[in-house]
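Engineer: Quick paste from TrEMBL:
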type     : residues : note
TRANSMEM : 36-55    : transmembrane segment
DOMAIN   : 51-280   : domain 'Rhodopsin'
TRANSMEM : 67-89    : transmembrane segment
TRANSMEM : 138-161  : transmembrane segment
TRANSMEM : 181-207  : transmembrane segment
TRANSMEM : 219-240  : transmembrane segment
TRANSMEM : 252-270  : transmembrane segment
Amino acid sequence: MSSDNLNPTTILSSSITRRLVNTDNGDESIFSQTNVAVWVLMSASAMFLFMRLWCRHHFSKWWYDDGVLTITWMILLTAAALISAAISVGYHTDDAKRTFFLYQNISTSLTTIGTAWTKVAFALTLMRIMRNIYLRYVLYFVIVTVNLVLVLGMLSIWIPACTDPRKHLRPQHDLCFDHMNLMYLGGTTMVYGGLIDVLLALFPWFIIHRLLLETREKLGLSFAMSLGFISGMIVILRTFFQFKRIDNNYHYLAFLAIFNFLEPCVNIIAQTTPQLRVFCHRYKQA
């Protein structure tokens, strides 16, 4: 028997290679399911966003929050195209794997930015109707911090774990972090974003109760503007799910893309729902 075959390094390398082959050859249907889910979310958010802009154009006027949401959706559109491209590339060669990770990392970065900016858009909407100076300061705090926390999110996306056997295939491999530290960085970003969603969902209840509306209309409008609470709970649950000890193979990374798009798309839909009330009210008067 050759001495090379008994070399511990060779044995370890072969073991890792066999494990990667076994985990990478997962359920290919996850790719197609992810593709469908992402584009369904994008289509639904596009329809709601179009309705919002149409209502603003015909019944009031566009404002900064509309511009931020429109730019955000365009960012998400680019991210969706990239995740579809990553899925089409696959992982059957080293070059394909490097391309997969590059597209997947860029897509995740864009959805992270898009998620933060949907919160900024909602904060701007609330600031437009907010009269309490202290609550306005809270909204300023939200706008600044959700953008600052993006730094932690980008670090967790682009810097690989030192123990990741696919580290050499990722776009950045000159620097590495401990795996748990990376998970805490990414988890902090997601949990903070989820808490901000919950916080912003509470604001309408402080504002709308002062409006001269019927109680039924106040409750309906407050509930509609508080739907971001759902996305906040989604992202917090996703954070705990991500902390499970699961190998980050290509199918799992593609599956996580659904959650990356779920929060910002739900936020866009939630922020558009109050505009449907305006549309329905005008339709009844016509």
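Note: Cβ is positioned from N, Cα and C throughout, glycine not excepted.
Unlike curated records, TrEMBL annotations are generated automatically.
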Engineer: When you check the transmembrane segment (36-55) against the transmembrane segment (138-161), do you get at least 3 Cβ pairs under 8 Å, counting only pairs 6 or more apart in sequence?
Structural biologist: no
Engineer: If you average the pLDDT over the domain 'Rhodopsin' (51-280), what number do you get?
Structural biologist: 81
